[in-house]
């Protein structure tokens with residue numbers, strides 16, 4: 001018998017059984033005749049007891065021991081996949097010796113654990129800033145850049161940092177409100193326009209100062225430009241300066257400032273300027289920097305892009321299918337709006353989304369049956385991937401919040 005001591009527990013295996021698997025650790029131990037090679041396979045050896053000691057997990061070795069006796073490697077659900085794989089690799093036993101059903105379940109659990117660890121790592125990286133305090137050591141004006149970095153990136157470092165974080169969110173909201181009010185007819189007179197322009201200038205100055213402070217405190221200019229939040233900050237301030245540039249280039253031939261709603265009197269320059277001014281709406285994305293909920297939403301979209309693409313694919317399939325069916329049964333009806341399949345796409349889209357504006361409705365019995373099938377398919381479609389997205393969003397939000405509280 002081969003006396004094996006694993007983590008303090010004694011096991012006895014016949015040499016003949018161990019030798020049946022010569023590529024395993026115990027098989028080599030049974031076949032080798034050189035004592036030096038045998039000692040290289042174990043952690044220690046007791047001459048008095050003729051016992052080989054292995055400093056490994058004895059609870060998992062029970063399954064290894066059973067494998068040598070029966071030739072089948074059993075896998076229990078409660079075992080950690082990573083620990084089990086590490087142990088069987090140490091003993092030189094391949095997973096192929098397990099039962100097919102056990103191996104499938106084990107590989108699924110292994111994939112789940114790997115995916116969980118990957119998501120956990122990405123969630124932690126989501127809250128970690130681009131730079132750290134240690135990266136400023138030994139660099140030019142390191143103490144000054146470290147102070148600026150704490151003010152801008154670490155709201156919990158001081159009272160001033162919290163004030164700046166609150167001010168950043170406040171100016172974003174004020175800017176969005178100002179842009180909204182600037183489209184109100186009563187605010188387009190000279191006084192209201194002047195107030196809106198001054199408000200926009202103050203917000204742009206604050207956003208520019210904030211962006212420059214982040215740029216100064218960054219340890220790597222390349223990583224700074226690649227960061228998503230910094231790209232959002234740049235988009236938030238560019239429209240203001242581009243608007244000033246275009247207004248200075250405007251000859252005054254157009255009545256852009258007075259008659260923006262009259263397209264025939266707006267020059268090409270005015271149309272571009274209008275589009276640039278509308279880009280200010282993207283400033284609302286700056287709130288994601290200090291909002292765990294928005295971060296969780298963005299993280300959910302990145303992790304569930306396959307489900308989102310699948311949802312859009314199903315919607316596109318439904319739109320094309322039901323629009324074709326509706327056109328085929330309604331196109332002969334006098335005065336129908338279903339004159340062609342492309343015209344029917346709008347009806348299919350609003351019906352699949354269960355909104356149903358009612359601007360286009362079928363007149364025939366067959367058309368109403370197709371409409372009922374389209375609406376039913378839309379209800380089923382909305383209940384499938386959306387529930388998955390909601391569950392994952394709730395899970396990611398809870399984990400981000402918990403990790404944020406630990407920091």
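Any Cβ shown, glycine's included, is placed from N, Cα and C.
Per-residue confidence over the domain 'Potassium channel tetramerisation-type BTB' (2-101) averages 81 (mean pLDDT, predicted model). Feature annotation from TrEMBL assigns domain 'Potassium channel tetramerisation-type BTB' to 2-101.
The domain 'Ion transport' annotation in TrEMBL covers 162-399.
The feature transmembrane segment is assigned by TrEMBL to 159-182 (among others). Residues 150-152, 188, 192-193, 196, 199-200, 202-203, 206-207, 210, 236, 277, 280-281, 283-284, 286-287, 289-290 of the same chain lie 6 or more positions beyond the ends of the transmembrane segment (159-182) yet place their CB under 8 Å from a CB of it.
What TrEMBL records for 305-326 (among others) is transmembrane segment.
Under 8 Å from some Cβ of the transmembrane segment (369-390) lie the Cβ atoms of residues 300, 304, 307-308, 310-311, 314-315, 318, 322, 325-326, 329, 348, 351-354, 356, 361-362, all in the same chain and six or more residues away from its ends. Per TrEMBL, the feature transmembrane segment maps to 369-390 (among others).
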I'd like the per-state residue tally for the domain 'Potassium channel tetramerisation-type BTB' (2-101) from DSSP, helix first, then strand, then coil.
47 helix, 19 strand, 34 coil
